[in-house]
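Trainee: Following this message is one structure expressed as structure tokens.
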Amino acid sequence: MTGKIAQTQTSAPNLLTRLLRAREVSLMALLLFVTLGTAAINPLFLSFTSLKDLFLNVAIIALVVVGQTIVLLMKHVDLSVSSVVGLSAFLTGSLFVAFPGLPVPLALLFGLGLGAVLGSVNGLLVAYGKVPALVATLGTLYVFRGIDYAVVHGGQINASNLPPSFLGFATGNLLGVPNLVLLVIVVMLGFGIYLGSYRGGREYYAVGSNSEAAVLAGISVTRRTLTGFALSGAIAGLAGVLYLARYGTVDANAGSGLELQVIAAAVVGGVSINGGVGSLLGAGLGALLLGVMSSALVTLRAPGFYQQAIQGALLLAAISVDMLVSRRSAKQNAKGRQS
Amino acid sequence: MKWRTLLGWEVTLIVLVFAALFGGALLSPAFLTASNLTFLTANFSEVALIALSMTLIIIVAEIDLSVASTLGLSSAVLGALFAAGWPIPLAIVAALAVGALAGLFNGLLITRLGLPSLAVTIGTLALYRGLAYVVLGDKAIADFPAFYTNLGFGTLPGTPIPIPIALFFVLAVITVVVLHATAFGRSLYAIGANPVAARFAGLRVERVKLSLFVLSGLMSALAGVVYTFRFASARADNAVGLELGVIAAVLLGGVSIFGGKGSVVGAVAAVFLIGIINGALTIVDVSNEVLTVVTGLLLIGSVLVPNLLGHFRTYRERRRAKGDRVIQ
């Protein structure tokens, strides 16, 4: 038994081939290609302000992708994130209206907590109610948005309702990097390490690749499912607070339609919708790539009405190429193992 | 057993439809008038049309998220060709052909390249909506002749039945017959339940799926034509976000998201249930917010309640078995 393991280890590809085969490397290359190609035509694309705007635009999507990735790893999906973002943004805004002196960290905590509660509803439905994730979260997408409509009641939160310290938090920066972007990077790194190297994190992969085997290995699949959805909700709740800080103006429709963008970013980043495969680095790069593509189209002055179509075609191309490449390398791996 | 529980859900839905009608009548005396019912049913004709093909697609364990974008694209094509001076019947045929092509493209990517339908149709959701803008920009084409707009919001002569809903009923009957009474229809359940076994049994799984995606594109385009005439307006952004509403209705109708289970009757009943509740709440000025919550709760409840009941039953049986042993 031990001999067999040692053998597979020696026959495993070396670091360089593994690196070349990794999804993240091809994504990075594509990202560089698009960025440098655009910059070659219009050097302003790489100017400090336009890069800052790019990262600020991607930040919120990239943050929500973190939670979505955890859920996708378990072979589930969370469609309700857009409604959680909207509800959290508006309720946090209302909190500021009621308590103008509210410290910023408390607002972030409030968003996290609210999101965790909403996410736990999804988790309970999926883990204990045995409702398929797509049905459960499509349902809560409507329910949470409905609650949002009821609370907002045609009203709106404006920047004038918000304390300058909170708005300053979004626009402020540390050594030139916007706080918002820093926060997202910290969350990504934290969860990246957790998913990659900690037992709890690895369990999400185990649940998604083979839930029966995971049960036999002593993993509590129901508990993992519950915490996974709670985390996805909590992160979406945090994203809601940042959405409010970034845009200042929030109405009942804030964040709607975000769910498909987030899933698209994760899928482009190589997170499999069939569970068990993907990394946060890849998902983050996916979000960045979609953001770079759309801002490159603006920079290159693509005719307005063509932009969305080109974006759609690029998204489709990215998905197709990515899936085909990953299938091919999986086939090669299988062949290598057989011989 | 499986059939009995399935039928049980459909009967429940139909009872709920009548309960909603009754509730609406209690809320407002104007609710059960012919003109209100006409208005109310016409309101969900596009969702109803697309729900038919979506039911078949979800039964074979696939999904099509691009339906609303295909609707917008066909609406834009119809408007642009009409504005360019094409005779309307020809423009309609072209709009339908574009929809079928859009569905074919989805189907080819899914069956030939073997890509997951969820990923492909998220991509084409963006692509087709973008193409709609390429075709029509942000213009709105509105000056359609009265004959055609009447097809959109008129009723069958002598009845209060809206013409699009009459069209829907004809297509629904055809779908029921095809799904439940032909070998092709039965094969969809086999493919959804276990595609590998279906392939071994000699079914052309890929070809069947391809034809269903073409059908889905065609039905979305038909819904696009209906939408255009009903609102007398061809726009690139017509029916944005409709896809989730269609999927919600089909799933509420008891069609399993994992494929292999469900019926057209259930899906149709669910479309009517959501539409009637919507109409009843609108007539008493209950805002959209309640409807949104109700749709979500119905959707979750339709799966959660039977699951919990089943759980409760096994729990009781187990306790009873335990009790027997103690007595012995």
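Keep in mind that glycine also has a Cβ here, set from the backbone N, Cα and C atoms.
Taken from TrEMBL, the feature transmembrane segment applies to B:37-60, B:67-86, B:92-111, B:118-136, B:165-189, B:210-233, B:239-258, B:265-284, B:290-310.
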Trainee: Are the transmembrane segment (B:210-233) and the transmembrane segment (B:290-310) close, by which I mean at least 3 Cβ pairs under 8 Å that are 6+ residues apart in sequence?
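Mentor: Stretch pair does not touch.
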Trainee: The transmembrane segment (B:67-86) and the transmembrane segment (B:118-136): do they have three or more Cβ pairs under 8 Å, with pairs 6 or more apart in sequence?
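Mentor: Touching, yes - the transmembrane segment (B:118-136) and the transmembrane segment (B:67-86) meet the threshold of 3 or more Cβ pairs under 8 Å.
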Trainee: Given a Cβ distance threshold of under 8 angstroms, which distant residues of the chain, six or more beyond its ends, lie next to the transmembrane segment (B:265-284)?
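Mentor: That would be 6, 9-10, 13-14, 16-17, 20-21, 23-24, 27-28, 30-31, 36, 39-41, 43-44, 47-48, 51-52, 54-55, 172, 176, 245, 248-250, 252-255, 290-291, 294-295, 298.
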Trainee: Sort out for me which stretch, of B:37-60, B:67-86, B:92-111, has the most Cβ pairs below 8 angstroms to the transmembrane segment (B:165-189).
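Mentor: The stretch I would name here is B:37-60.
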Trainee: So which residues does the transmembrane segment (B:67-86) touch in its own chain, when a touch means Cβ under 8 Å and the partner is 6 or more beyond its ends?
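Mentor: Cβ under 8 Å, 6 or more out: 46, 50, 54, 92, 94-96, 98-99, 102-103, 124-129, 131-133, 135-136, 139-141, 144, 216-217, 219-221, 223-225, 227-228, 234-243, 246.
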